[in-house]
Structure formats: C-alpha cells, structure tokens
C-alpha cells in the first residue's frame, strides 16, 4: 500500500499578525479558543494515517517547539516515524541552495530514509478539518505528477495573496495565477511523488532558485501533469490581522462551528489540564466561544475567550478575542479588541478598536 | 530499588450506595466535577506531593477504571523505575481469591511492596474529593515518631455516626478508634488516609491473614489491634475541603459545593492542579439565547437554553428553551427543546426528548436518569 509522509513548510510564511507574531511564528498563533493555527494541519495529517511529519521552521520557533513538544498530544511520539522539527541550522560552506530549497536539500536524508513514496506538503494558514486520504486516492488514481488541493471561495481580501488555479474539464491544471476573480483558490496543500520532488529540487538548486513551489512547479506547468482536487468542506485562510479576526469570529455561527469541529472528528492540540469554565452569578454570556479554565463574572458577547481567562464583575467584552490567561478586572470595557496572552486590563479601563481594525495589545502588558 | 514510601490506593470498592451511577462502574471511575473521575483527585495529589510509587488496587467492575488510569500518563506516573502499577486480584499456585477486605488487599500484594523495600506505607482510598499534600503528612509522621498516622478532620457532631471517629489525647495521640459510633466522644473523623511504618504493619497483616474471625479491614481489625497493643498512633489534622461522595445525595451536594464562588477546590489553582484525560473537544459554544449562572461547563458543549447551579461535562448539548437547574449532566448528554430538569443527575450519552419535565423535590434524593429509566420517569 502506498503511503505519504507529511511536510509542513513554514519557510515562506510571513509573520503577518503584527503584535501577535512579534514573538512567535504565524503557525504558533492561538486560534479558535484553544488551538494554534498549525494544529489543524497537523491533526489532519495524523487523522490521514500520516505517521511521519516534518516541519521546516524559519524563525521565532521557540513558541512552536514549546507547543509541539515531542508530538505526544498528536500521537506523534513514536518509535517509528513521528514528528521531526527541522530548524534552519546548517553549516555546509559548499551549500549553494536558497529559500526553502535549503531545507529540502539539507534534510534530504530524512526524506530518503522514509519508506513512503509520496509527500504531502502544506503550510499552516489553511484551516480545515479533513482527511487527506481522499486527496491521496484521487492523486494515485489520476496518475498525475502532482495534485493540488483547491477550494472555492466567495472572494475575501485574504484570498488576494493565495494562488488561483485554472482547470480543464478533466481536472488538469492549465494555469496557476493570481487572478483575483478566479474562485478556485489553491490551499497550499499538494501531493507529490518523492522522486519527482528530488528531481525538481535538484533542478531549482542548479538554477539558483529559492522557492520550490513557484520555481519548481508553477514554472514547469507545461511539462508536468498537475491535477486539482476540490475540497467542499468548511475552511478558512488566515494570513492577515483582518482574516484572523474575521475567521475567529466566524466560528460563533453555530453552522460554521459544527462544520469545522463536528464533521471531521476532533482537532488535537496541546493538553492544558484546565478545570471547566466557571460561570458565577453575575455572568452574562451570549454568542461566544469559551475555553476551559476561565472564571466569568461579567458580560461577554460575540467574543472568544481562550483558556484561563478571568472576567471580573461589571466587565463588558464585545466582538473581542481574548487570548489565554488574560485578566480583565472589574468594570473594564473591551470592544473590537484582540488581547495577546497574559495581558491584564485594570479596573474600569475602556479599550475600543474599530470593527474593521481591531485594537491589538501585545502579550504580558498591563493596561 | 529502595523507595522511602510506597502508596497503595484502594480503588476496588463497589460504591453500592451510588445506585445507578456505579451499576457498571467502579466508584473511583465515576465522573466528577465536569471533567474528572473521582480517582483523579487522589492521583493528582500523589503527583503534586511527589509520591511516585503507587499501586492501585482494583476489583469491582474495573474496565472503565483501567482504561482511564492506563499507565498513569496524565499524572506523570508512567515512570522508568517505579510509577503506577494496577494491582488486580490474581490466582496463584494454591488457588487465590478476591480481595476480602482493605487489609487483605494489601496483604495479597506484599510482594509488590517489598520490591521497593520501603520505610513507610501510605494507604489511600480512591473515592474522596480533596486536595492534600501527602508529603506534609509523611513529615508529620516522622516528627511524631509514630507507628501509624491517620489523617482526620473535624466533622459536624450530627454526622459523626457516618465515620470512623478518633478519640485522642491533647497531643493527638489516638487512644480509641470507634467505627460509626452512636454516642461519639469526639468529632475527629478518619479520612481513610494512613501512613504506617511498613515493618510494623507487615507483622499485623500477617497475623490478620492467619486469623479466621476477622473482616480483614483496616478500620475494624488492624487499627484496633494496634491500639490494643499500645502502638503509637497519631492523628493528623486536615482542615481543607474533603468530601466522601458515597451516596447520590452527597455526590450531588459535592457538585453544588463546587459552584460556590469562594470554594478553594474549584478556583483554578495552578499550584495544585487536578489532572485527567482530555478528549480534545472544541471550546464550548454559547449561543445567543443562552443564560448561564452559577455553573461549570466543559469543552464541546453547545448551549442554547438556560443553566443555573449546574455542572456540564464535555460534549453536552442543551437546546433552545430548556431550563436546567441544580443538575449534573454527564458527557454526551443531549437535552431537547423546552426540557425542564431540576435536581437531576443525567448519565452519559442520555438523550432527553423535547418537552420532558423531570423535577426532584428538594426534600427527596436527586433523580439519576439513565437510558434504562428514562421512559419510566419522564
């Protein structure tokens, strides 16, 4: 039976979340009350029977490594395979490779050692809860060189920077463009045969290229047999402050919540061992997503509270995202605000951002 | 390898007075507090007190309990040298038998204890709710130079007949141990937590095993025999929250206690965390029409109705118009529209049809609702 190995490639992901990515990479940014962005891709891989997963990190990966640990919470602490975090650390003076090609080339022995003949490559910004086996089966059946996972969106600003795919009637990819009117958005996830990955990598390095997908695949569109596989389930692209804010709050719609969390099975994350959330006598909570470990004495509306958030009396929180272990003291009012973790808002403070431009407070601050 | 102290956790009890809650489940495995099982409190106390050599004695209906404990991973008790060992009754050359009593369970596992050649043996029971630093207890035991130390707390005088009562002198030396006395002389109740000098306990266990007219029980046989022999037994005063959830009424009361704003046990306490399994459900979704007061709610819940003084375990759904008061909803419960529940304990995975109304009067015991009695009650 053919199998895939997994690769989460963070080399070309930018730290797009301003204050939230001052000290962490985008993949490690908290999302949806108890997760980090990377959890969705990682859980999908685990659920798709991918038992060896590598992560190419670029910078600010301390928080990512703290989150992933040995991979035990994703059942990736295994004798065979498991999780391999591959930081950019190499000192070969004769090495001429650039960009993510340096990762591929310096870690090639890792790929070679695997018994899998295929590699599933993904970033961390495509949020979904799915099983990649269907994509893999379609790939094997079509005998394509490469199969791209695409999905159709009503265009949002965050899709501007995503690649779009033009397909003929047989599912064969004719063009990969930036055409903002094209709704077939490339998720950043694709399957490729390991031997082809190696050949394209060698070719890119020989030509001093620095981006495996753009230089190795998009540029060779005419001579490769590239197919697309269309995903119909719930998904979101998170690649900007605006999309981070909107896509978090989108999960307050019961329909979206159900589709992301109930249809594809559970999404794994680092276990925090928090007590159930405590709602005291003066709590008023509506239309909100609340993680465990919190104590709520005030009003929370249309907001997301991560683990261990304390909400004091007479507090009003509206349209806001409060990351883990924040403390909102009595009488504070927050609207259209994103608080990074461990922020304290002192008594009777008033903070208000615009709906289109939430006000962000960096972690550990006391306001 | 030598360990100073070995812990034996008694988790084989049937908990008959919990009725339906323990029908197919050992009492220590009964869900508690919105995310835990009762035994999690004792196991977490072991981790937090650095007691790393733990034998868990199981007997009654152990499947769920064994699955829950596993190799002890959530409590960091999956260790190279010692850690957690599940000790179930076993057969030997000449037959073997069930554990006949609390003392017999320890006697049958002397070979396990001797592997660690300990100075002290701590005996705990896996069916109480409390936070306690066992290391303090051990230090007290050493300071007093005692043969046995029994952890005890003051209970209201009217409750004394439910407990083993310790009659002590002023320095807390125990003169008499009275099991469930009708005319109590003291209100200091044993919490079922003992530390013994192992070499002394071993002699008494061996003698007890030879005795044909004994119940093989610590409270009824071993401790009275030690007092009779003038051994030095001391009481250790514990003054935190402690609850024996032995009956449906006390199980329900303990949950209502958790909802008190001031109770230290339920305030998120990072220095004394309680560990358990996590099933990785998504955060709870509180919908537009929901109202939630004085309640504990866990991951995976979707709430549209109203909750007051209630505890919801993971993956519970409460539909529009439902009113849940003073109730406990175990994992996987589905509550239909306009359901009214008051003082009800709903067992795992029960689906309550819309417009059902179940109310237990405050004078009677809370109702336990399971798939078997759902139709007859509603």
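Cβ coordinates are placed from backbone N, Cα and C, and glycine is handled just like the others.
As recorded in TrEMBL, the features of this protein are as follows:
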BINDING   B:99, B:164, B:179, B:180, B:190  alpha-D-glucose 1-phosphate binding site
DOMAIN    B:7-260  domain 'Nucleotidyl transferase'
Item to complete: Please report the DSSP secondary structure of residue B:190 (alpha-D-glucose 1-phosphate binding site), reduced to three states.
Response: strand
Fill in: Nonlocal neighbours by CB distance (under 8 Å) for residue B:190 (alpha-D-glucose 1-phosphate binding site), same chain, sequence gap 6 or more
B:150, B:151, B:152, B:163, B:164, B:165, B:166, B:177, B:219
Discussion item. To see if you understand the setup: which same-chain residues, six or more apart in sequence, place their Cβ under 8 Å from that of residue B:180 (alpha-D-glucose 1-phosphate binding site)?
Written reply: B:161, B:162, B:163, B:164, B:165
Discussion item. On average, what pLDDT score does this prediction assign to the domain 'Nucleotidyl transferase' (B:7-260)?
Written reply: 93
Worksheet item: Who sits close to residue B:179 (alpha-D-glucose 1-phosphate binding site): which same-chain residues at least 6 apart have their Cβ under 8 Å from its Cβ?
Response: B:164, B:219, B:220
Worksheet item: Max Cα-Cα distance in Å among B:99, B:164, B:179, B:180, B:190, the residues listed as binding alpha-D-glucose 1-phosphate?
Response: 23
Fill in: Three-state secondary structure, residue B:179 (alpha-D-glucose 1-phosphate binding site) (per DSSP)
strand
Worksheet entry | Set of same-chain residues at least 6 away whose C-beta sits under 8 angstroms from residue B:99 (alpha-D-glucose 1-phosphate binding site) | B:12, B:57, B:59, B:89, B:105, B:108
Worksheet item: How many neighbouring Cβ atoms, not counting its own, are there within 10 Å of the Cβ of residue B:164 (alpha-D-glucose 1-phosphate binding site)?
Response: 21
